[in-house]
Amino acid sequence: MSLSEPIFRMEGISKRYGGAIALKDADIAIRRGAIHAVLGENGAGKSTLIKIMAGVVTPDEGRMLLDGREIAFASPAAANAVGIVCVFQELSLIPDLSVADNITISHPPQRFGMIDRRAQRRIAEEALTRAGASDIHPSILVKDLPLSRRQMVEIAKALARKPRLIILDEATSALTRSDVEKVFAVLKRLRAEGMALIYISHRMHEIAQLADDCTVFRNGRSIESYPAGTKTDQQVVELMIGREYNNVFPPKPAHRPEEKPILSCRELSWGDRLSGITFDIRPGEVVGLGGLDGQGQRDLLLAFFGVLRDLKGEIAIDGTQVKLRSPRHAKSGGISMALIPEDRKTEGLMLPMTVRENLSIAALDRISRNGVIDRAAERREIDDLFKLLAIKAATIDMPVAGLSGGNQQKVVIAKWLMNRPRIILLNDPTRGIDVGTKQEIYLLLRKLADGGAAIIFYSTDYDELIGCCDRVLVMYDGSIVRELEGADINEHELIGAALNIGGEHAQQRIAP
């Protein structure tokens, strides 16, 4: 088989869940030695497609061919056995096991009936090196790694299975920029070795850098396949959403709000993670936190939300100094703060519970009367939020796990809006969701700010900081090194400040 011929085909694939059509007559052909990008909004059918490829679910109609021969998978193990391995967006790692245990979990090396730890470590080290993550020690527990490093372990685990076709579902959404570059280098090397790769991402610039072939899905159908680089980003997005695509970011206000600050901090420090943080935010502002990942941005959000202990410095709400004792205190009526977490699966949602239960739990005090939930008030609140965020769900009593990723993220945001917060903290809120949902979230943030909310927005995506924020505070090594505003919020300035490149702006503090 030549490199230009498909190694794997799916023809006329359909899948239904009850009355809902997840896939309808979908086709795709994957070549050896090529990276094939699969694009589409959340709910377009991409997840069902790769679950069928990976043996997680079986199609109702259609056929799959590997090397020209028709095949069917009864389980993920059957797909793995022929060399098809998937790295899902929801990590499959077991937190309480070591990195080496996770990498070799399907086929641990044995000696005398016991796991051969020396061989296991060698396999893990080789896989981590191949994944560009040789700095991760095989014996460390997965739960002790940050999310970005866990994703690298997941990729190493897939490579340890020696795949012929590897499927990556939003594999870079949790990664730092340096890790993304390492993954790109790995994928390009695997392509050069003749491996077939399927790459799912909502980041258009990643598709432009990596892909050889592209297929767009919409409403469960494969809309068009084309060689990468033959369509503009706007044309691709219009294929994805089925309508004309306008500017993704809403307009910013012409003038900075003049009200008194709603939130202020002075010389806020925490161990060696935060140092001398000083700034104000006013009602109606969207203030971004920039900088390389891991420079204290998440710690700062947790400090404001009452999670961190032994803080030094001052925090004031409406000019009155406060000591935020807990998240419950931070979200209480006098302060009225909300935190949209980074990982919706583990921090933002209770997946087995219903949409209704997930939404109501953050506002029980407000929608209860004498300890009993007022169902009429609850329903009114939920209906209003469904309209505001355009949440798509068959019913509010369905498990939230059954929603698409974009709608799950909308539920996370809606949950915190149930409390009508005045201060909203967002930790990379659009990670792993489609461009259409991102645009809806950007519009919502500006609408909330226009309504008087103060928003602190951490994002690893420079385009979001540029498009959404009135000001950006760039952090480096736990400190704010530069404030950018207006035309200065551009990629050149953001990168320079993130690297703390010298000149008069280096180590610049924000004046009270």
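Using N, Cα and C of the backbone, Cβ positions are placed for all residues, glycine too.
Taken from Swiss-Prot as is:
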type: BINDING; residues: G40, E41, N42, G43, A44, G45, K46, S47; note: ATP binding site
type: DOMAIN; residues: 8-244; note: domain 'ABC transporter 1'
type: DOMAIN; residues: 257-502; note: domain 'ABC transporter 2'
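Averaged across the domain 'ABC transporter 2' (257-502), the predicted model reaches a pLDDT of 90. Other Cβ atoms within 10 Å of the Cβ of N42 (ATP binding site), summed over all protein chains shown, number 22. Same-chain neighbours of the ATP site beyond G40, E41, N42, G43, A44, G45, K46, S47, judged by a C-beta within 8 angstroms of the site's C-beta center, are, in sequence order, F217, S404, D434. The number of other Cβ atoms within 10 Å of the Cβ belonging to G45 (ATP binding site), over all protein chains shown, comes to 25. Neighbour density at the Cβ, taken as the number of other Cβ atoms within 10 Å, is lowest among the binding-site residues E41, S47 for S47. Taking all protein chains in view, 27 other C-beta atoms sit within 10 angstroms of the C-beta of G40 (ATP binding site). In sequence order, F217, R218, N219, G220, M240, D434 constitute the residues six or more apart from A44 (ATP binding site) in its chain with CB-CB distances below 8 Å. DSSP assigns G40 (ATP binding site) to coil in the three-state reduction, placing it in neither a helix nor a strand.
Shown are the binding-site residues G43, K46; the one with the most C-beta atoms within 10 angstroms of its own C-beta is K46.
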